[in-house]
Amino acid sequence: MWQFCILCLCVLMASVATDPTVTLLEQNPRWRLVPRGQAVNLRCILKNSQYPWMSWYQQDLQKQLQWLFTLRSPRDKEVKSLPGADYLATRVTDTELRLQVANMSQGRTLYCTCSATGGLNTGQLYFGEGSKLTVL
């Protein structure tokens, strides 16, 4: 029986150690207090070039997840205004994606993702740790 437990532990450790989501994205800041009317800049760094499509998603206070942007090439930019916030996404380099959030009226959490393909069939999405923004 103890051999089975050791085998299970080894399999669990191997799956954690080889989990690609651990090192695919670095997102910051992790949280920020934002005075009403002030803009905040978020940054996402891609750690693995096999997943070149980078996106931003927002999650509102009701935990609803909503896609915002997907950008592939350096210097790509997109702007979007939604109830509660205005967004400007910029693909700075092959490995860096930025998001400026302005005119926030309520808090939200923003997630950077990466995937191997773009379009409607993105395949597996890998999420960053999230940036929780709280409006003062």
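Backbone N, Cα and C define each Cβ position, glycine as well.
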Disulphide partner cysteine [Swiss-Prot] for CYS44, chosen from CYS112, CYS114:
CYS112
Among all the protein chains here, how many other CB atoms are within 10 A of the CB of CYS44 (disulfide bond)?
25
Within 10 Å of the Cβ of CYS112 (disulfide bond), how many other Cβ atoms are there?
27
Collapsed DSSP category at CYS44 (disulfide bond):
strand
